[in-house]
Amino acid sequence: MQGIVVIKCGGSTMDQLPDSFFQAIAGLQAQGQEIVIVHGGGPAINNMLDRVQITPQFVDGLRVTCEDTLRVVEMVLCGSINKALVKRLTQAGAKAWGVSGIDGQTLLATKTPRPLGWVGEIKKADTTIPKAILGQGYVPVIAPLSVSEDGAETFNVNADVAAGAIAAALSAEKLIMVTDVPGIMQPQPDGTKAVVPATSAEEIQEMIQTEVITGGMIPKVQAALDALGQGVEQVVICRGTAEDLLGVCAGQAVGTTVRMNVNYVQRGGK
Ligand SMILES: Nc1ncnc2c1ncn2[C@@H]1O[C@H](COP(=O)(O)OP(=O)(O)OP(=O)(O)O)[C@@H](O)[C@H]1O
Ligand SMILES: [Mg+2]
C-alpha cells in the first residue's frame with residue numbers, strides 16, 4: 001500500500017484497544033506506511049463532565065457543547081486522551097507525535113449555526129503539520145478540536161467529521177473508522193444482527209430513515225460519505241483489533257466498507 005492511511009480511533013473503544021492493535025500500527029510504520037490517527041473521546045469526556053456535574057447532551061449523535069463543556073472537552077481530548085494514545089503507541093514501538101486541530105490551524109472552523117453551542121464547522125483542513133510530522137517519521141495523533149481563523153476561538157468537532165476532513169485533505173488512500181462495533185449492524189429476519197459488509201449512500205439514507213443507524217453512527221456514516229466525495233479512496237468502519245486493522249490494510253473484506261453508490265459496488269469498484 002502506498003497512500004496515507006487515516007485511522008479514526010473512537011473514544012468508545014479507546015479503553016479496550018489491545019496492545020496488539022498498537023503493535024500492528026508500529027509494524028505498518030516500520031514498513032514505511034504513513035499513518036495518521038484522529039481520535040475521539042466520548043466516554044472519557046462524559047466521565048469528566050459527570051465529575052464536574054455537567055449533564056452531556058446530544059442531538060442526532062452530536063454533542064451539544066456549552067462553554068463549560070468546551071473546557072472539559074479541550075482538557076480531555078488534547079490532554080489525557082491524546083497523551084494516553086501517544087504513550088501506548090510509543091510502548092508498542094511506534095513513533096508518535098500528539099497535536100490537536102488547533103495547532104498550526106490544522107482544523108480551521110467557524111461556529112456552526114446549528115443549536116449545538118461551541119461546535120465548529122470545518123472550513124479547511126490544513127495538512128502542513130500532519131505532513132511535517134509524517135516527514136519526520138512520526139504518526140501524527142490529532143485531537144479533534146478546531147480553531148477560528150483569527151485564532152481566538154476554540155470549537156469542538158465530532159471526531160469522525162475531523163477524521164474525514166483530514167483524510168480528504170491528505171487525499172488518503174484509506175480512512176479506517178475504528179469503533180466499538182464490528183461495522184454497521186443490521187437486524188436479520190431471525191432477530192439477530194449482522195454486519196453489513198458493504199453499503200452505499202442510498203442504503204445509508206434508508207438505514208437512517210428506518211432507524212437502523214442511530215446515535216453516533218449517524219455522523220460516522222455521513223463523514224464517511226463526505227470523505228469519499230472528496231477523494232478518499234476507501235472508508236471502512238471496523239473494530240479496534242490488529243486483525244481488523246491489518247485485514248483492511250491488506251485489502252481484505254473486514255467490517256463495513258462504505259461506498260458512494262450501489263452501481264459502483266456492483267461494478268466491483270473500490
Ligand atoms: N446500525 C448500527 N450499527 C452499529 N452501531 C450503531 C448503529 N446505529 C447506531 N450505532 C451506535 O453507534 C455507536 C458508535 O458510535 P459512537 O459515536 O458511540 O462511537 P465512536 O465514534 O467510536 O466514539 P467517539 O464518538 O467517542 O469517537 C455504536 O456503539 C452503536 O451504539
Ligand atoms: Mg462518535
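Note: Cβ is positioned from N, Cα and C throughout, glycine not excepted.
TrEMBL entries are annotated by machine, without manual review.
Per TrEMBL, the features are as follows:
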type: BINDING; residues: Gly41, Gly42, Arg63, Asn156; note: substrate binding site
type: DOMAIN; residues: 4-238; note: domain 'Aspartate/glutamate/uridylate kinase'
type: SITE; residues: Lys8; note: site 'Transition state stabilizer'
type: SITE; residues: Lys220; note: site 'Transition state stabilizer'
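The Cβ centroid of Gly41, Gly42, Arg63, Asn156 marks the substrate site; residues of that chain outside this set whose Cβ lies within 8 Å of it are Gly11, Gly40, Ile45, Thr65, Val73, Leu77, Pro144, Asn158, Ala159, given in sequence order. Residue pair Arg63 (substrate binding site) / Lys220 (site 'Transition state stabilizer') shows a Cα separation of 13 Å.
Within 10 Å of the Cβ of Gly42 (substrate binding site) there are 20 other Cβ atoms, across all protein chains. Here the Cα atom of Lys8 (site 'Transition state stabilizer') is found 13 Å from that of Gly42 (substrate binding site).
DSSP classifies Gly41 (substrate binding site) as coil under the three-state reduction. The 6 Å Cβ screen around ligand 1 retains nothing from the recorded positions Lys8, Arg63, Asn156.
Here the CA atom of Gly42 (substrate binding site) lies 13 Å from the CA atom of Lys220 (site 'Transition state stabilizer'). Around the Cβ of Arg63 (substrate binding site), the number of neighbouring Cβ atoms within 10 Å comes to 23. Annotation for Asn156 (substrate binding site): spatial neighbours Arg63, Thr65, Thr69, Leu70, Val73, Gly117, Trp118, Val119, Gly120, Pro144, Leu145, Ser146, criterion Cβ-Cβ under 8 Å with sequence separation of six or more. A simple Cβ count within 10 Å picks out one of the recorded sites Lys8, Lys220 as the most packed, and that one is Lys8.
Overall, the recorded substrate-binding residues Gly41, Gly42, Arg63, Asn156 cover a maximum inter-Cα distance of 12 Å.
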